[in-house]
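Worksheet: the structure to be examined is printed underneath.
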Amino acid sequence: MPSTLKDLPKMDPNGIYANHNLRLDGIRVYGFDYDYTLAHYTPDLQTLIYDLAKEHLVKEHRYPESCLQFEYNSDFPIRGLYYDKKKGYLLKLDFFHSVEPGGCYFGRRKVEQEEIEAVYGGKRISAEHMPNLVALMDLFCLSEVCLISDVIHHFVDTKIDFDASYVYEDVKKSIDFVHRSGLLHRRILEEPAKYLVKSQGVVRLLRSLKDYGKRLFLLTNSPFPFVDGGMRFMFEDDSASAEKWRDLFDVVIALADKPNFYTSERPFRHYDTEKDVLAFSKVDSFEKHSVYYHGCLKQFLEITEWKGPEVLYFGDHLYSDLRGPAKAGWRTAAIIRELEREIRTQNEDAYRFHQAKYHIMQELLGKYHGLPMTNPQDDEQKELLLSLRNARREARLAMKLMFNKNFGSTFLTDTGKESAFSYNVQRYADVYTSKLENFLQLPVEAWLYTPFDVKILPHHVKVSPKDFSGSPPRTRRPSSASS
């Protein structure tokens, strides 16, 4: 292993990374989503969603009872994939909407490159096909991805004729039913220790922000009784009473219907927590300890008089949580749970070795094809070309298998390019980190800067061929605020 690879900077798995400069001393208001932001869930949740959705698929949509034998496979999906409703393909795309080699599945069958190019007219998804693609960007999508793939695979195996768009719609409706019917919420609150990850760090962060005089609000699509049960569970080990978690928040808004919340003009309704009913009186102010349903961004800003740039909103869903606030002028922070594991893998010497090897083979192939005297019929040249391509493929696959064996890294393609998911992180998140409590390591007046040499996302360390050859390593300013 070349010493220069070992000397490359290690990125902090718990760091906070800036896509755009952010001065926390200018942030007066902190807003939070609930699911996968304030609350984090165990892997058992995906299995629960999957099982409840498949049961609904069979009972209500009359899918074959054989579908009840399906089991959730956590090793299959990653988030950030796209589903082609017309073709039935599950796709991993790069920053430029090109399909990653080996990153297309029909059910559980890997689709070969020749088939992809025949269907889409090349490696890149054109504007003609993009409207058919559905982005699967949040962690709740993992069970959805699995169920869609299992249904398609089963229908193909049993020779059941189907339309890929119908499968998507039926699975989507079943997943939505599991969430909106309250069935999932009841099951979680029946066994909170099984499904919820308790974090005293989140509690300390909220108290710390409040002690510094910051204003806090909760904006979630979940119903209040579910949020209340989860927050009580997380606060039950705190010195203060778990029932008083709402004291930390100036405004609590549930059933907000994001992303429509950011563009609609739906009025707020006061929610009576004792009677479980909505009041009829007009909401023209937010009262402490009260809970509100529905609403819209326009009225929220009118009531609070909070200016956009002084608000920092945390969420996990790049579209539902962060796209609207980003367009409205709020500062945004993405909570991406996969980031911690991704950075630990990218920090490994083995990964950097394969990355450097891949770039060397790529560079040599470029030089080879640039030679004016290249004779493609020469046996020695053909053997050299084949060996270079094989070495490049081996390095590419080695990098991929260090993440997810089917789709590789969430943030990168297996050629080291940024994924379409990375593009959306860069587009809608001013800063991003793996979990909310990472902000405990920062003073409230910290300044977060984008590194001067960043290309797409600042947590990536680029390994170039010169790093492999033994020349001095490139000095890189770590983008993590904690480094």
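One is the number of the first residue shown, and numbering goes on along the chain from there.
Glycine residues also receive a Cβ, built from the backbone N, Cα and C atoms like all the rest.
As annotated by TrEMBL, active site, nucleophile applies to Asp33. The Cβ of Asp33 (active site, nucleophile) lies under 8 Å from the Cβ of Leu219, Thr220, Tyr313, Phe314, Gly315, Asp316, His317, Asp321, each on the same chain and at least six residues away in sequence. Following the DSSP three-state reduction, the secondary structure of Asp33 (active site, nucleophile) is coil.
A sphere of 10 angstroms centred on the C-beta of Asp35 (active site, proton donor) encloses 23 other C-beta atoms. If you look up TrEMBL, you'll see Asp35 marked as active site, proton donor.
According to TrEMBL, the feature Mg(2+) binding site maps to Asp33, Asp316.
The annotation GMP binding site is assigned in TrEMBL to Asp35.
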Neighbour count (Cβ, 10 Å) for Asp316 (Mg(2+) binding site): 23
